[in-house]
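A short write-up of the structure that comes next.
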Amino acid sequence: MKRVIVGLSGGVDSSVAAYLLKEQGYEVIGLFMKNWHDDSVTISDECPWLDDSNDAMLVADKLGIPFQTVDLSEQYKERIVDYMFDEYQKGRTPNPDVLCNREIKFDVFMKIALDLGADYVATGHYCRKGELQKDDHPVYQLLSGVDNNKDQSYFLCQLSQAQLAKALFPIGELTKPEVRKIATELDLVTADKKDSQGLCFIGKVRLPEFLQQKLQPKEGVIVEIPATQPMYSQAEPQFSSENDALNYWTRKMDYNRTDGKVVGKHQGAHYFTKGQRKGLAVGGTVEPLFVIDTDVEENVIYTGQGKDHPGLLKKALFVSNNEVHWIREDLKLNVGETMTTQARIRYRQPLQQATLHQLENGLYVVFETLQSAITEGQFVAWYHGDELVGSGVIS
Ligand SMILES: Nc1ncnc2c1ncn2[C@@H]1O[C@H](COP(=O)(O)OP(=O)(O)OP(=O)(O)O)[C@@H](O)[C@H]1O
């Protein structure tokens, strides 16, 4: 009998995942991980991990499976929390959920599970795993969940073949309502529990308060850039090489920053991210202000009115070579090659038609239409239909 260790979070999705695996005849063990030190960077008075671990235990009990907890708060602090601070300090916006999957759930947690004799590690993610044979070797595929509303493949965009080989996603063929129905029929305590917003990190703390714990406030100005200023020339120029064209589409905004006017003050550019609307506290504008760029060195936030402000829009992005990741290693592009794909630059964004260009210095992703708030530090993931083929950190 194959042994599966399922990450039991105390939520409904992993509860049902554990049930389904048992039905399929696996030997199932539930494992809860504690991520947070009570005394470290927790903000709110609540202590949700205790409630969650208790719910996970009750579910395991009801399903009649063994249950254990592991404390991974040290590793979580080192690999996720510290990295978060570091990235914000540099003016980038990291994605803790993607990292948590790559570094914690499918690395530290997975190694513990394998040491406990597991053949597989399962989670309650809404995605599916496929398998192909190529040159007599198995090639694993990461496929989106059938529930379009809940598809979580994006959060797993940094998994490797080795990690996928050992992963199972039992609820990927189901919709959320179907999962809830199963949990209700089984009378699980988690049946009506509200979703954790799919965030393993921000769900537990409020981001601005979290950042203020480590990043010192530093007063600076908010500058508004008028929307009438051209960001790109209206007519596309003639390019002498593909390189020139790609650099043109990914370059920084070309407005003269001194043309903007100071409209307010902020407490630190490193607290802000591109596309952000909340927290600017500047009134009296016709349309709401959005952050179009931050300069953490000069401590200036550049803003513009309206979500279609040209300063927010770009057609392409760049990923440096060491941050390009192919789940489908067999499809990796060589220098000079291109690939037609569909891509997204944030969770739940509908897939966008795009072309990948692998050049000497890195990978360019050129979209068919302008994209809003392409943000450094976030992940771009590219797909072929419902298969997530690769991803990278936006430079
Ligand atoms: N503290 C934890 N301990 C063990 N596994 C976890 C934990 N947190 C998350 N997981 C695993 O990762 C999966 C995705 O986590 P996420 O935080 O996105 O929750 P979710 O989609 O709301 O799922 P759930 O309803 O199971 O909490 C979970 O279904 C679970 O298998």
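Even glycines carry a Cβ here, placed using N, Cα and C.
Just so you know, TrEMBL annotations never went through curation; they're auto-generated.
Owing to the predicted nature of the structure, the values given are computational and were not obtained by experimental measurement.
Of the residues MET33, MET84, TrEMBL places MET33 in the same ATP site as GLY7, LEU8, SER9, GLY10, GLY11, VAL12, ASP13, SER14, GLY124. Taking GLY11, ASP13, HIS125 as the recorded positions under consideration, the smallest Cα distance to CYS100 (active site, nucleophile) is found for HIS125. Rounded to the nearest whole angstrom, the C-alpha distance between ASP13 (ATP binding site) and GLN378 (site 'Interaction with tRNA') is 26.
In this structure the alpha carbons, written CA, of GLY11 (ATP binding site) and HIS125 (site 'Interaction with tRNA') are 11 Å apart. By the criterion of other Cβ atoms within 10 Å of the residue's own Cβ, the least surrounded of the recorded positions SER9, GLN378 is GLN378.
Counting only same-chain residues six or more apart in sequence, the Cβ atoms lying under 8 angstroms from the Cβ of MET33 (ATP binding site) belong to GLY7, THR69, VAL70, ASP71, LEU72, ILE104, LYS105, PHE109.
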